[in-house]
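Only one structure is covered here, and it is reproduced in the block below.
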Amino acid sequence: MEEVSNIKNQFSLKNNWAFLLAVIAAFFAAYISFDYALQPLLEQHSFRQTQTALTSFWMTQEGWKFAYETPVGGYPWKLPFEFPIYQAIVASVSSIFDLSLSATGRVISFLFLLLCALPAVAIGQKLSLKKQVAWVFAILLWTSPLYLFWGRTFMIETSVLFFTLMAVNYSLDFLKAEVTIKSVVLFIVFASLAMLQKVTTAAPVLLIMSFVILFQHLKTVGFKFPSTKKTILVICSFLIPLVLALLWVRFTDVIKSESAFGNSLTSKALSWWNYGTLEQRTDGETLKLLFWERVVKDNLAGFFGLAILIISLIVGGKNRKLILVCLLLFVLPILIFTNLHVVHNYYQTACACFLLAALAIGIAEILPKLIKKIPIAPFLILAFASYNLYAFNNGYFELTKKSFDPLKTRALILGNVIDKYAPENSGIVVFGNDWSSVIAFYSKRKSFIVPDWFKKYDSVRKYPSNFMGDRSLGAVVFIQDTKKMPDLLERADIKKDSSLYIIDPNCYVWFPELKAIPSLQNSEGVSTYINAFQKKEKE
């Protein structure tokens, strides 16, 4: 009878409410992800989404390359950034199952978000927290507007978050007196994957965890050294991922330096831009934007969430330190890479989860001990999840469901016309679109997207074919909002050629190797492509 009672208790609603609510949250998040998986990669930060997708696309075309291509900087096309773990997974799945690359990238990103529950459960067990804490965290994560939106984009954010949380899980084993080889190996694997995938996400977390381990050791045994074996294992565990990341950065810098454009994107060239300025870190409006507007207001129910965190810190007892560590894991990445967080509103996905973890500890671990007469945790998490969905509906959902008419969206029109009329093995040059990968991705052509700030801008403008290397010049795109826009119709090579087409009043595309297309040419040799395309479709 006692055994039957234990089984009933184990599967009772009282003990499993958090898991059941997490399942509901997961299904809702999955609906959002899958229902809008075919949306073009244009809803927000198309620059970064298509850059990631472009790497995956050329992997599907030409296979894996250690010095992989992100062909937006001209010949020799190689432009590696992070180690392309996520990109390779997407390319492989898309190729093997013959699936849409964009949809595959979105879905795999979302699956990594779901997988974050695994390390959360393991971490909760190792910290002796109630099992509800991990599932409350999962509910907050999967209903958070920040993660609900960015978790279904074609980006590396959720993959590196999963790897990082797995590394945190195995780093907790280093707090024990004896460290197992299994824990060391698994920590090195996941920490290395995280550092290689995105160092700006993983490095601050690993730094903090190394100090947590050190402080815990000092608290337990003082300045007495642990065993030689443990010392060597722990030091090597943190050094190996760091060394691998540094070697990769060095390798990418060497590859980038092979081209004039790539040389402007090396780690040295971007370092100060990544970190930002002291003024940014002390500016009230900037801090309000990063901490309040982008995270706390819509993902923590504003002052309601802050109140629970403050109460949890006051009455948290032994869990107070956990909350403080979570808060540090949230704040430090923003204070280190401030400018990256200012420019990119998705960067907070690297650290906001730790703020959600602190809130989950307060909701499921601390407050139920303070208020014992009523089951406060289920009501609180329902309130937070409801608010999250309300905030998502009034914010990011508008972008999630945004539609892009292929006959009215510049990037899709350009991609379609270039893909149809530029020779398959040709390259393209684009002026006036910074160095965004959008046109390169949708045209399926290797490219040189020339930003106004490029030192050799004038050389590319005069002799674009010189930057195509092993490919002919298939198309040149001119977007007129560039500061250095030449008078196109006065160019000799264009004046003698009728293959210049108007995409919209501020965008032209010229096909150097293409003679006039009867169905697209008007009496002046300049056509509005969109009208001709619509007419052709009707026919």
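Note that Cβ sites are derived from N, Cα and C of the backbone, with glycine treated the same way.
Taken from TrEMBL, the feature transmembrane segment covers 17-34 (among others).
Per TrEMBL, transmembrane segment is recorded for 103-121 (among others). Beyond the transmembrane segment (103-121), the same-chain residues lying 6 or more positions past its ends with a Cβ under 8 Å from any Cβ of the stretch are 22, 26, 29-30, 33-34, 36-39, 41, 52-53, 56, 86, 89-90, 93-94, 131, 134-135, 137-138, 141-142, 147, 151-155, 157-159, 161-162, 165-166, 168-169, 353, 357.
Annotated transmembrane segment per TrEMBL: 133-150 (among others), in sequence order.
Residues annotated as transmembrane segment in TrEMBL: 202-219 (among others).
Here TrEMBL flags 231-251 (among others) as transmembrane segment.
Positions annotated as transmembrane segment by TrEMBL: 299-315 (among others).
If you look up TrEMBL, you'll see 322-340 (among others) marked as transmembrane segment.
For 346-367 (among others), the entry in TrEMBL reads transmembrane segment.
Residues or ranges marked as transmembrane segment in TrEMBL: 374-392 (among others).
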Answer yes if the transmembrane segment (133-150) and the transmembrane segment (231-251) have at least three CB pairs under 8 Å among residue pairs 6 or more apart in sequence, and no otherwise. no
Please determine whether the transmembrane segment (231-251) and the transmembrane segment (299-315) are in contact (criterion: at least three Cβ-Cβ distances under 8 Å, sequence separation 6 or more). no
The recorded stretch from 17-34, 202-219, 346-367 sharing the largest number of CB pairs under 8 A with the transmembrane segment (299-315) is 346-367
Cβ under 8 Å, sequence separation of at least 6 from the ends of the transmembrane segment (346-367): give me the contacting residues as numbers and ranges. 18, 45, 48, 116, 120, 129-130, 132-134, 136-137, 140-141, 144, 146-147, 150-151, 153, 155, 157-158, 160-161, 165, 198, 200-201, 204, 290, 294-296, 299-300, 305, 308-309, 311-312, 315-317, 319, 322-323, 326-327, 329-334, 337, 340, 376-377, 380-381, 384
